[in-house]
Amino acid sequence: MESLSPAIGSTPIRPSTTISGENELLISSVKSIKMPPVARRKMRMRVAAQSSNFVVPNNINFSDPDWKVKYEREFEARFNIPHITDVFPDAVSYPSTFCLKMRTPVTEDFAQGYPSDEEWHGYINNNDRVLLKTINYSSPTSAGAECIDPDCTWVEQWVHRAGPREKIYFKPEEVKAAIITCGGLCPGLNDVIRQIVITLEIYGVKQIVGIPFGYRGFSSDDLAEMPLSRKVVQNVHLSGGSLLGVSRGGPKVSDIVDSIQERGINMLFVIGGNGTHAGANAIHDECRRRHMQVAVVGVPKTIDNDIMLMDKTFGFDTAVEEAQRAINSAYIEAHSAYHGIGIVKLMGRSSGFIAMHASLASGQIDICLIPEVPFNLHGPHGVLQHLKYLLETKGSAVICVAEGAGQDFLEKTNAKDASGNAVLGDIGVHIQQQIKKYFKEIGVTTDVKYIDPTYMIRACRANASDGILCTVLGQNAVHGAFAGYSGITVGICNTHYVYFPIPEVIAQPKIVDPNSRMWHRCLTSTGQPDFL
């Protein structure tokens with residue numbers, strides 16, 4: 001197997017959206033309009049984004065009267081989560097050692113668990129499910145509609161509920177659990193580590209280690225395992241960063257699994273984003289290929305909130321809250337100056353969730369620019385013309401821009417980071433320069449301030465909302481591993497905690513739907529026009 005970088009950068013893509021014949025004609029008509037190639041490409045993207053209202057599943061024939069039943073079966077098969085018994089049919093289960101009515105610690109004389117004398121109703125049944133989609137759209141033209149067929153037929157989609165099971169497939173005294181944190185920093189990493197350790201100890205696990213600096217820690221001889229216990233992690237959530245350190249990329253999957261085997265690890269908890277989860281899934285597959293009884297469980301970490309199928313990921317709420325400080329500073333600077341313009345650049349490589357939510361929360365943003373919605377800087381409908389209007393009518397303006405927005409305006413370098421992600425140009429600096437140049441050319445005095453709070457936000461501790469989310473995610477990750485599941489990740493879906501098979505959440509990044517009610521709310525708040 002190759003190194004993790006290719007595994008991270010080449011995730012499978014789910015079936016693409018189908019565009020109606022009317023909109024297909026609209027897209028083709030864009031070719032006949034006289035405009036620069038970049039503008040034409042943006043126009044096509046915009047039309048496609050606004051018209052992609054339903055997804056055509058693989059091998060579904062809508063003329064078949066039973067297509068709905070077949071689709072439900074196909075969905076159930078796709079979202080079935082891998083279990084140890086898939087590879088080890090004779091795997092032995094034990095009564096769970098997790099029972100909050102029974103506080104007796106598990107000893108070395110473990111014998112079929114220590115169930116409570118009283119019946120406890122805190123377990124999740126393996127057949128419990130959570131509804132993935134809750135809105136029954138009546139038409140593909142409804143705002144934010146996600147339809148399976150052109151008639152927007154309601155199809156039930158159920159996913160596995162997370163939580164402790166009555167039967168477990170690992171003896172706690174035989175477990176060696178390892179935790180790793182990968183990618184960039186994100187508020188809440190220490191909170192998740194802490195809860196994984198605490199929950200493992202409640203089950204009775206004595207051997208818990210942290211692998212330093214992500215996947216890299218499996219291959220570097222100078223990076224020793226960090227023993228973890230409740231005493232070690234008790235107060236780590238009070239500070240930002242990661243107790244274990246982070247890094248991108250890593251060694252070959254086969255080398256990582258060799259290391260897991262040598263260390264005697266049989267539970268691996270991987271905290272990271274899409275790329276990290278792609279690596280975790282590759283590790284899970286390799287462990288299965290070698291018939292190793294190892295549970296690999298992911299906890300989704302992305303400050304950008306760009307992981308599919310989930311309500312939100314930890315760190316996102318904190319990022320939106322912390323961004324308010326930068327936005328308020330930009331507003332004060334702009335409002336206090338003659339023709340003041342404040343620019344705030346926030347995280348969001350391919351998804352503009354932070355910029356959109358931060359703009360909505362602040363109520364101080366006049367222009368919000370995100371990767372999903374193309375825009376022009378120049379021209380009669382461009383951002384600069386609207387800025388001129390704002391200065392004439394309001395006297396000041398504040399712009400919030402996601403880091404991945406407007407990359408067409410910047411020179412491509414083809415450079416990649418260790419995770420295989422393209423290195424982006426600085427759109428914030430570019431907009432700042434273009435604003436200064438434009439207003440100088442038309443003879444209007446401006447005072448432009450640019451704020452990039454990215455690393456200040458990433459390094460802060462989680463707020464209360466994210467702290468709760470991290471706590472429950474960490475607990476459910478351990479419950480999933482003890483229940484015998486592997487190749488899964490835990491998330492929140494329609495306010496309930498669920499288990500997803502990793503391939504389904506890494507198929508593609510979650511992005512802002514330009515036709516969604518949330519984006520429409522943002523436009524209502526800012527009052528910005530269409531910049532095309």
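Glycine is treated like the rest: Cβ placed from N, Cα and C.
For Asp304, the entry in TrEMBL reads active site, proton acceptor. Taken from TrEMBL, the feature ATP binding site applies to Gly184, Arg248, Gly249, Gly273, Asn274, Gly275, Thr276. The feature Mg(2+) binding site is assigned by TrEMBL to Asn274. Marked as substrate binding site by TrEMBL: Thr302, Ile303, Asp304, Met347, Gly348, Arg349, Glu403, Tyr455, Met456, Ile457, Arg458. Feature annotation from TrEMBL assigns domain 'Phosphofructokinase' to 177-479. Look at TrEMBL and you will find Gly275 tagged as site 'Important for substrate specificity'.
When the CA atoms are compared, the recorded positions lying within 10 A of Gly348 (substrate binding site) are Asp304, out of the candidates Gly184, Gly273, Gly275, Asp304. Nearest neighbour of Met456 (substrate binding site) by Cα distance, taken over the binding-site residues Arg248, Gly249, Asn274, Thr276: Arg248. Across the structure, Gly273 (ATP binding site) and Asp304 (active site, proton acceptor) are spaced 9 Å apart at their Cα atoms. Comparing C-alpha positions, the residue listed as 'active site, proton acceptor' sits nearest to Arg458 among the binding-site residues Gly249, Gly275, Thr276, Arg458.
On a Cα basis, Arg248 (ATP binding site) lies 19 Å away from Glu403 (substrate binding site). Comparing the Cα of Arg458 (substrate binding site) with the Cα of every entry in Gly184, Gly249, Asn274, Thr276, these being the binding-site residues, the smallest distance points to Gly184. Here Thr302 (substrate binding site) is positioned 10 angstrom away from Thr276 (ATP binding site), judged by their C-alpha atoms.
Within 10 Å of Thr302 (substrate binding site), judged by CA to CA distance, lie the following binding-site residues from the set Gly184, Arg248, Gly249, Asn274: Gly184, Asn274. When Cβ atoms from all protein chains are considered, those within 10 Å of Glu403 (substrate binding site) total 24, not counting its own. Model confidence over the domain 'Phosphofructokinase' (177-479) is summarised by a mean pLDDT of 95.
Around the Cβ of Gly184 (ATP binding site), a 10 Å sphere holds 21 further Cβ atoms from the protein chains shown.
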